[in-house]
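Annotated in TrEMBL:
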type	residues	note
DOMAIN	45-66	domain 'C2H2-type'
REPEAT	99-131	repeat 'ANK'
REPEAT	201-233	repeat 'ANK'
REPEAT	327-354	repeat 'ANK'
REPEAT	359-387	repeat 'ANK'
REPEAT	388-420	repeat 'ANK'
REPEAT	421-453	repeat 'ANK'
REPEAT	454-490	repeat 'ANK'
Amino acid sequence: MAQSMPATCGECYRCGLKEPPVAFATKRDLNRHQRTHAAHPKIQCHYCHAVVGRIDNLKRHIDTIHKGGICTAAASGDEEAVMSCLVVDTKFAREKDPSGDLALFLAVSNGHEGVVRILLDTGFQVETECPVDDPRPAALWLARVHERHDIANLLIGGGAVINLRNGTRPEVFVQAAKERNLQLLRRCLQTGVTMNYTDLRGRTALHWAVNNRDEEMTKLLIANGAVVNHTSVLIAAAEWGHVGIFSTLLEKTRELGAHTFCEMLLDSKLQHEDILQLVVQKWLEIDKNCRLRRSWETVVYRAVGQGCEAAVRVLFDNGASITSCSLQSAAGGGYLEVVRVLLDRGAEIDAVNWMTGIALHRAVSGRHLEVVRLLLDRGAEIHTVSREGRTALHYAAFEGCTEVVRLLLDRGAEIHAVSWEGRTALHYAAFGGCTEVVRLLLDRGAEIDAVDREGRTALHLGVYSKFRRVNVTCIRLLLERGADRQARDKMGETFTARQEAES
C-alpha cells in the first residue's frame with residue numbers, strides 16, 4: 001500500500017505565518033483543522049499585504065517595516081519607509097494623519113525634499129489634491145515659510161497653484177517678491193501667474209520689489225506687464241530716487257488722478273528734484289488747466305508751509321508764483337532753505353499779511369534763530385510793528401528765546417520800544433516768566449520801573465505770569481535789581497497786593 005503524502009494548510013492565516021507550513025497526516029485532520037480556524041479572518045497590512053496573526057502584530061509590523069505609516073515616515077524624512085508604503089498602491093500618497101494633514105504637507109513642513117520628490121513622482125497633483133477651501137496651510141506656503149526654495153520649486157513643477165490664498169495665507173508670487181527671491185519669482189512668471197494679484201495687505205509683487213529697491217526685479221515685473229494702481233508704489237519709487245524706474249512706473253499708472261500727484265509733491269521725504277519734475281509734468285498732463293485753479297496756489301502754499309524745499313523749487317520752475325503769505329509760512333515753520341529759495345525768487349521780505357504778520361515776527365515767535373539771522377542779513381526791517389504795535393524784540397522776549405533777543409539787540413533793536421499797550425520788552429519777558437531774558441534786558445539797560453497804560457511795571461506783570469503762577473526766580477531777580485515794590489498801578493494795587501490776590 002502506497003504511503004499517503006502529508007497534507008498542508010494553504011488557507012489558514014495561522015499556518016501561513018509558519019515556515020515550513022504545518023503538515024497533517026491525513027486529509028481528515030486537515031479538514032478538521034480548517035473547520036476550526038476558518039472563521040478567523042486574515043489580518044493584512046494595507047501597505048504591503050503581509051498577513052499577521054493579531055491586531056497588535058499589525059501595529060508592530062507597520063511600526064517596524066513602514067516606520068509608523070506613510071504620514072509618520074514623511075514627517076521624519078524616512079524615504080525608504082515612504083517607498084515601502086507606496087510599493088503596492090500609490091494611492092497611499094494621499095493618506096492623512098489623525099490631524100487631517102497630508103503626507104506631502106508633513107514632508108514640506110519638516111523640510112524633507114527627498115520625500116516630497118517621491119510623493120510627487122507618484123502622480124500626486126498638488127493643484128487638485130489641495131482644495132482651495134482647505135483651512136490647513138498649503139504645502140507651497142509651508143515651503144515659503146520655511147524658506148525652502150528648492151521644495152517650493154518642486155511643488156510649482158508638481159502643479160501647485162501659485163495664486164493659492166486660503167484664509168490668512170499670503171499669495172506665493174507676492175511673497176517671492178517680498179523676500180527678494182528672484183529665482184522663484186521667475187518660476188512663478190513662467191507658470192502664467194496673475195501679475196497684479198495682491199496679498200492680504202493689498203500689495204502686489206511690484207509694491208514689494210520697489211519697497212526693497214530691487215532694480216532687477218522691478219524691471220522684470222514691469223517687462224511682464226505690471227501696472228501701477230496705487231499711490232504707495234510711486235511714492236516708494238520716488239523715495240528710492242531711481243529716476244529711470246520712476247519714469248517707467250509713471251507710464252504704467254492707471255486710475256491715478258491729479259490729487260495723487262499733488263500729495264506726492266507735499267511728501268517731505270521726496271527731495272529728488274528730477275523726480276518731482278516728472279511728478280509736476282504728469283500732473284500738468286492730466287490737468288492742463290490746473291495753473292488757473294485755486295488748487296495750484298494751495299499746493300504751492302502747502303509745499304512752502306511743510307518745508308518741501310525741492311517741491312518748492314520745482315513748482316517755481318514750472319510757473320508757480322509766490323503767494324502773499326508764503327514767506328511768513330516758511331519763516332514760521334523754521335524752514336531755512338525754503339526761506340532762502342523764496343528770497344532768491346524775489347519774495348518781499350517785509351510783506352505784511354493781516355493774518356500772519358511779517359516773516360521776521362513769525363520766525364521770532366517760532367524761536368528759529370537761523371531764520372531770523374537770514375532775514376536780518378537780507379535786510380528785514382527790525383523795527384516793523386505788528387497790528388498790536390509789537391516789534392520783533394517784544395515777541396522774542398515773550399517767547400523767552402535768549403539767543404534771539406541777543407541777536408536782535410546786537411542788530412540794533414530798540415530796547416525801550418513800547419507796544420500799543422505801552423509795554424516794553426522787559427514787560428513781556430516778565431509776563432512770560434523768562435528769567436534769563438529779563439536778566440539780559442536789564443544788563444543791556446532796560447528801564448526796570450517802566451509802566452504800561454495800566455500803570456503796571458515788570459514786577460506787576462511777573463505776578464500776572466502767562467502761566468497764572470508766580471515765577472519766584474524772575475521776581476527775585478527784579479527785586480535784587482532794584483524794582484520798586486511799592487509802585488502802584490491805576491487800580492491802586494502794589495506788587496505785594498497783587499501777589500496776595502493771586503496766591
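Any Cβ shown, glycine's included, is placed from N, Cα and C.
Broken down by DSSP into helix, strand and coil, the repeat 'ANK' (327-354) contains 16 helix, 1 strand, 11 coil. Remote same-chain residues near the repeat 'ANK' (359-387) are listed as 327-336, 339-340, 343, 349-352, 395-396, 399, 401, 403-404, 407-408, 411-414, 417, 419 (criterion: CB distance under 8 Å, separation of at least six residues from the stretch ends). Note on the repeat 'ANK' (421-453): residues 388-391, 393-402, 405-406, 409, 415, 459, 461-462, 464-467, 471, 473-474, 477-478, 481-484, 487, 489 of its chain, located 6 or more positions outside it, place their CB under 8 angstroms from a CB of the stretch. Break the repeat 'ANK' (454-490) down by DSSP state and the numbers are 15 helix, 0 strand, 22 coil. Taking H, G and I as helix, E and B as strand and the rest as coil, DSSP gives the repeat 'ANK' (388-420) the counts 17 helix, 0 strand, 16 coil.
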